[in-house]
Amino acid sequence: MQCFSVEDDHPCLLSMCDQDSGCVPLGCSVDQFERIGCGYFRLNIYQFQQCYQPGKKDEETENEAWMNCAQDYQCSASCIRTLASKFRVKCYGKSDCETIARIHDGGANGCRDRGTIGYWKRVRDSCGPECNKPIFTRHFY
């Protein structure tokens, strides 16, 4: 696994980046669900909207902000983390890495969609035991 401009992120996210784009900010392409995905994580507009449009400037259109975020590793990784955090309750019993990978691949119900298992296995196989490190912060009260 080689990531060109990112070194200090969670191994799971780096593996996802590698699976999605070779971890380079590729242009845009259409996925199997007819969505346009761009950048490091093939981020689509729906994901960008659901993660609260990180980095969007007042003068930017939503599409401009999405494209800019998709081409920026930290912004797009932040969006992926936000989505997984938002929907992880639907992934009870799954590791943090499986949760984030399957939600990224299949949306809010990704952990319930058998179609996301292949992506998760590719991420896991690329990442190895490093995938087991926690991603989400847990608060105990």
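Any Cβ shown, glycine's included, is placed from N, Cα and C.
Just so you know, TrEMBL annotations are computer predictions that nobody has curated.
Feature annotation from TrEMBL assigns disulfide bond to Cys12-Cys97 (among others). Around the Cβ of Cys12 (disulfide bond), 25 further Cβ atoms fall within 10 Å across all displayed protein chains.
The disulfide bond feature in TrEMBL is assigned to Cys17-Cys23 (among others). Cys23 (disulfide bond): 22 other CB atoms within 10 A of its CB, across all protein chains.
In sequence order, Leu26, Gly27, Cys28, Ser29, Asn44, Trp66, Met67, Ala70, Gln71 constitute the residues six or more apart from Cys38 (disulfide bond) in its chain with CB-CB distances below 8 Å. What TrEMBL records for Cys28-Cys38 (among others) is disulfide bond.
Here Cys79 (disulfide bond) comes close to Phe41, Leu43, Gln47, Phe48, Cys51, Pro54, Cys69: these same-chain residues lie at least six apart in sequence, with C-beta atoms under 8 angstroms from its C-beta. Among the features that TrEMBL reports, disulfide bond is placed at Cys51-Cys79 (among others).
Around Cys69 (disulfide bond), taking its Cβ as the centre, 28 other Cβ atoms fall within 10 Å, counting all chains. The disulfide bond annotation in TrEMBL covers Cys69-Cys75 (among others).
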(Q) A 10 Å Cβ contact count, applied to the disulfide-bonded residues Cys17, Cys28, Cys51, Cys75, Cys97: which residue has the minimum? (A) Cys28
